Every structure is written in C-alpha cells, then in structure tokens.
C-alpha cells in the first residue's frame, strides 16, 4: 500500500519532547497505541497522551495521577514532522518522520481500526496547525520571497549570503562514506580550494512526499546557526530537483578509531582531553539546541589537523532487510546502545552520557565494555551485566565510567537536571578549566602529522585513488542545480557559511 502523507509542519526537534512548563497545556487526545521498537523491531503497547504543545508521550500503563505522568517511557514531539499512513508492516499503521539535524528519524505506530488511525491523524493535525500558527506569529521577519532567483535564504545577521549558488559540479566525488534508506554520504573535494568535505545527499521525496510543500526547513536553520569548536560545521547546503545536499566539514586528522586501533589504548590524560571536548560539545547541544545527539560512538569522532575533536553528523538511518519473516530484528550499531534504547523507553539526554561512557571506556581500556557477536547475548550484557575494569585503571577513571555506564538513566552521571554540569564536576575532570576547553587553550596530547587541511595521509588510500560517479544515467536525474521555479518544495534551501567558497 502507498504511504499517504498528511502534513508537514515546523517546530521542535523530535528528540526532546516539550514539557509542561505552563499551566494551560491541555491533553488533546489519549489512548492505547502499539509502538514498534526502534532497534528491536517488536510491537509494544503504550498508552499515549498528545498535548496541545506538541508533546507526544507514552507510558507502559495508563497514568492514574499527575505523579505518574512525570516519568513517561516515550517522550517526543509531533512538531516539524511528516505523518504518513501505511498498511505495512501491519494494517492501520502510521509513521512520524522527522529531520533531526541532517538525519531522518522515524517512529512507527499502529492501531486496531482505520477510524482510530483517522482520529489520531486529525488530532495530530489539529495540534500541528496550532503550532504552525504560533510559529508564524513569532517567526523572525524575513525578506525575500520563494520566487527570489538567488535561491538564498535570508540569513541571520552573522552569516553572509553566498555570492553564487553552489552546485554539485563544484566538487570531485571521491568515496562513498555511508549509504542508507534516505540517502548517502560521500567524501568530496571542493575543486576551487582543494578542501575535503563530507556531502550528505538526501532524497527529497522522503522529506516531502507527494505534493505537500514544506513550510520551512527548521533543522537546516538549526544547523546553520550551530557554532561549536568540536562539532562538525555545515559549510553549504543546496538542492537539485530531487535531492537535498548538506556539505559538512571533514576533519583530516583521521578518525579517533584509527588512532586508537594503532595504539590500542590511550593514557588517562589523553582520554581526559578528548572526553572534555566531547562533554563541551554535548553540553552545547543539550542546553543551547535542545537536541540529543543519540549516535555517539568512536567512528563518529574525528581529529582536526591540530588534534582537537570533531563530532561528525554523517549518520544515516540504516536500512532494514525486508518486512516479514526475513526482517532482521535489529539495525544500527548495537555495541553502543544504552539500556533504555534497547528497552524502547524513549530516551532523553542521558543516552548521550552512556555513549560518552562507552567511548571513554574504549579509550582507556582498549576494548568495548560489552561485546558479543551474538546480538541477543550482547543485548543481555548491556541490560544486565555489571561493568568490569582492568586493574591498571585509576580510581577516578573507574568512578567516572561506573557513573556514566549506570543502567538506569535516572541514576546515571549526567542523568539529572544538572546534565553536563554533573560530569564537569566529577573528580576525574578536577583539573579541567572548562572555558579553556571551549577556547581550545588546552594543548592536544597528540598532533596529527598533517601539513594542511588538504593533506590526506590519514585517509584510506582508496579515498583518493579514484573518483566515483554519482550521476545516474537517466537525464531526468541530473545533479545540476535547477532553477528556483522548478523546485517549489524547498524555495529557500540554500546556504553558505561565508561569502566566499
């Protein structure tokens, strides 16, 4: 059966549901839904409340009083999402799909009857319309119109407009870094500067299905306005007639995974340096952007030419095999999953501190805290097994890792309202001056042996050995940037981090 798109709306990121900060937040609809697990793809009954602020929260049991409402298992927002109806993998299914940063995230639900599904769809649409009106009333004044031939969005004052429209022809395509359901990530070289970037290419149809028109690309704006020394910056974003393209920094000091593999284990001091930079970046995402990163793992950490951390945003939603009996029960990187993610208790910021615990354990112990080739056994270890440490590890490091790898997110270090501040105050980081971390005043413990931003010695040899072709043979699918009147869905999707290339 075809998916049917109902609505696309701007608003909050999916990752952090809005909370009851005002007394006039009302419940619009409540009832039982079956929610499909995000990783272990079984269906679980959940009692959901939809509120007029966009909050969509689920419980194992129907909450009887206000106290019980304070700790939902699932907590996210229906804002800025597509809502789709489908009859697969079960009848009366609906899917909420959202672009968080540049990664497409989905949640899947089903109900017993078409009428029930229609009721939920109508309720969600009602909430969406209210949020849309609110946003329109409070939205910053923007000059320029969708038909503006420059194709450039009015930027915040701090950002210069691009002097020319960026197109796909300005890059050499070197290596496929990742592929998934919604698109691909390619290592590219900008012809004019010789600099390397990661280009994430998303198929437009998965973000705007059928003839729905996107009100705005809020997440694109979030990315543009994110400025943090240890987060991958967005250099350009542009579109072709069927794709959205995000061009992001690709740090050339090599993946941390590469350096750790070579050295097997890092000293506690070196791990402390990298850990501090990661904490600084996650603190910014949580407190300034209200975003949970969700995907912290060694492969997503790179070093820049000076040896500072860069957290990447090259993630793609992994593809399942098939619906039905042959469907793999799991997709993603299982070794890094927090217990609450495995149990499908939709997670908050504490999931990032679990991820920090796993990567810092790898750095200081030279192996993963939990590992088994058999996924079922691995899940059991993550959920049940106590953490073990090598005898050589110092007491402060043990204390930090024990706190970060607590199974219960509410008991986890950083799991309380203080979030990152709790980790910053831990005795393992006692000598760290956090403002100095942010300002890159700490000297990196290892400096990559690269001479410039175009030095490729830490790249896989095959990265630079040959160019890859990404233009499909079909003329209709040309990768040329097309005129604004031919792309009504994303009339203002164009961005450059500076006026020059």
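Heads up, the Cβ atoms here are built off N, Cα and C, so glycines get one too.
Quick look at what Swiss-Prot annotates:
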{"type": "ACT_SITE", "residues": "295", "note": "active site, proton acceptor"}
{"type": "BINDING", "residues": "177, 178, 179, 180, 181, 182, 183, 184, 185, 200", "note": "ATP binding site"}
{"type": "DOMAIN", "residues": "430-501", "note": "domain 'AGC-kinase C-terminal'"}
{"type": "MOD_RES", "residues": "347", "note": "phosphotyrosine"}
{"type": "REGION", "residues": "135-158", "note": "region 'Disordered'"}
{"type": "REGION", "residues": "471-501", "note": "region 'Disordered'"}
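Taking each Cβ in turn and tallying the other Cβ atoms within 10 Å, the top scorer among the binding-site residues 177, 185 is 185. Separation of the C-alpha atoms of residue 185 (ATP binding site) and residue 295 (active site, proton acceptor): 16 Å, rounded to the nearest whole number.
Rounded to a whole number, the distance between the Cα atoms of the residue listed as 'active site, proton acceptor' and residue 177 (ATP binding site) is 16 Å.
It is 183 that, of the binding-site residues 179, 183, has its Cβ surrounded by the most other Cβ atoms within 10 Å. Counting only the Cα atoms, the space from residue 183 (ATP binding site) to residue 295 (active site, proton acceptor) is about 17 angstrom. Annotated pair residue 295 (active site, proton acceptor) and residue 179 (ATP binding site), C-alpha to C-alpha distance, rounded: 16 Å. Under DSSP, residue 183 (ATP binding site) is assigned to a strand (E or B) in the three-state scheme.
For the domain 'AGC-kinase C-terminal' (430-501), the predicted model reports an average pLDDT of 64.
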